[in-house]
Amino acid sequence: MFPAGSPSHTFCRLSLLQLLLLLQALGRGLGRASPAGGPLEDVVIERYHIPRSCPREVQMGDFVRYHYNGTFEDGKKFDSSYDRSTLVAIVVGVGRLITGMDRGLMGMCVNERRRLIVPPHLGYGSIGVAGLIPPDSTLYFDVVLLDVWNKADTVQVSTLLRPPHCPRMVQDGDFVRYHYNGTLLNGTPFDTSYSRGGTYDTYVGSGWLIKGMDQGLLSMCPGERRKIIIPPFLAYGEKGYGTVIPPQASLVFHVLLIDVHNPKDTVQLETLELPPGCVRRAKAGDFMRYHYNGSLMDGTLFDSSYSRNHTYNTYIGQGYIIPGMDQGLQGVCIGERRRVTIPPHLAYGENGTGDKIPGSAVLIFDVHVIDFHNPADPVEIKTLSRPSESCNETSKLGDFIRYHYNCSLLDGTRLFSSHDFGAPQEATLGANKVIEGLDTGLQGMCVGERRQLVVPPHLAHGESGARGVPGSAVLLFEVELVSREDGLPTGYLFVWHKDPPTNLFEDMDLNKDGEVPPEEFSSFIKAQVNEGKGRLMPGQDPEKTIGDMFQNQDRNQDGKITAEELKLKSDEDQERVHEEL
């Protein structure tokens, strides 16, 4: 519109002489007739486009920005803001515009379009504007309102979506990461973070943002969506910003908060599930196996051990993982589910890592601890039940035992069971036939006793694991001792309960021909066992054991034993000692 004294800008108050002449003309009754074909008494308003949403209407004292075309009744244009590519920005209702425009703008909505018919006495009267507007001209204006605000306005915040879980809200001094779409009040976009492929990252309340955004972000939750309307004096004011934000422009931001943290933040821990009977908590130096889902604060998943069908295995408290996770895993119980929220300075910092964890990102890990152990851990033995009758002898190294067992991981995953085979497991303790931890845990048991054994991996299958057993897995056994037999000394296949016969070869040579074939040897040994005079190595096939014994005595391998060949192992050991001496 025309400012005072300059017809090329905005309609404003006339000079004193023009005003006096106009008042004289109005006093003669100019412009005061009935609407029916006669002069107009007031502004005629035609609202030919009304927006669906109208959060506020123009009132006296508001600051507005609008475009217009001004024509005469015959359609001839006398002025246009479009021709100057400059919006009109002015306060309405305080006499800075011609009366007809002041009245015609009242009650307008942003993006509304009106046609105003302004009679001469509400325009430039009988004087007009020299060279531009003849006296007594009725003026026609096509107006579109683009912005409205008031000096009493504050930042307007509308919550569009608030997540059900809000771990923390934005405060002054926090560092935030958010996405936004920025538009003018009429919807014209001026900027968006989405087009740059990254969030806008900044401190709140530290002067890095326009004042209105500093205010509008306060108390937001991660994942929350807000609409923030900022008046110009809390945005870019009279100067605007570049070519995209005009002077005196209200700004509208649609904001999605991705995450928030403070440089003073520490790791936040939340126990989601705590199993009963936690007898030990993890500490620095322990080796842990755990599953996790890792997400950003807005819920975006960036990694998961479940997707690899394998636990994450590491030492804790020794710098093998990010500092926040090192801290967050200490104090957990086996089987515990815990949420660990890690600020970026205890995670991947300002640079992030890879293409899934951006810089300055808060990380959230939902962790399920499968097991942990320490390289110095022994076998944990817990007696579940003992037989009621007295137990004079317990299992020891060298004993041949039969036992039932169930084996599982500490999370309850079943691995093996002797019951699946319908018969007890057999083993000679100390003969390296079972894992070291089980060998240890089966010693000192009474027949009929039941135990629970927790075997750390260095006493089980180690870092590599075994078929069906994950690497570095702690194993849980429930064992029951079914039977026990005294074992034989190392290197012996048969022992006498008392002294052997004085004439051993003669007794063994059943047909007295000076030779002992396999049949005679086998018959003799079996007879000694049946009569309780001696016993074979337990847990082995008797026929094979006797066959091995015969092969040991048949020194020239001619299929028979002579008196010169037959020697007791004790005699052989004594001869070997003399040879070494």
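Placement of Cβ uses the backbone N, Cα and C atoms for every residue, glycine included.
Because TrEMBL annotations are produced automatically, they should be read as predictions rather than curated entries.
According to TrEMBL, the features are:
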type	residues	note
SIGNAL	1-31	signal peptide
DOMAIN	61-149	domain 'PPIase FKBP-type'
DOMAIN	173-261	domain 'PPIase FKBP-type'
DOMAIN	285-373	domain 'PPIase FKBP-type'
DOMAIN	398-485	domain 'PPIase FKBP-type'
DOMAIN	503-531	domain 'EF-hand'
REGION	533-558	region 'Disordered'
DOMAIN	541-576	domain 'EF-hand'
Spatial neighbours of the domain 'EF-hand' (541-576) far in sequence, C-beta under 8 Å, 6+ residues away: 491-494, 500, 504-505, 508, 514-518, 521-522, 525-526, 529
Contact ranking winner - 61-149, 173-261, 503-531 against the domain 'PPIase FKBP-type' (285-373), Cβ under 8 Å: 173-261
Tally of residues which DSSP labels helix, strand or coil - the domain 'PPIase FKBP-type' (173-261): 12 helix, 37 strand, 40 coil
Chain residues in Cβ proximity to the domain 'EF-hand' (503-531) (below 8 Å; excluding those fewer than six residues from its ends, i.e. six or more beyond): 494, 496, 542-543, 546-547, 549-550, 553, 559-563, 566, 568
Structural state census, the domain 'PPIase FKBP-type' (61-149) (DSSP three-state): 14 helix, 36 strand, 39 coil
Integer average pLDDT (0 to 100) for the domain 'PPIase FKBP-type' (398-485): 94
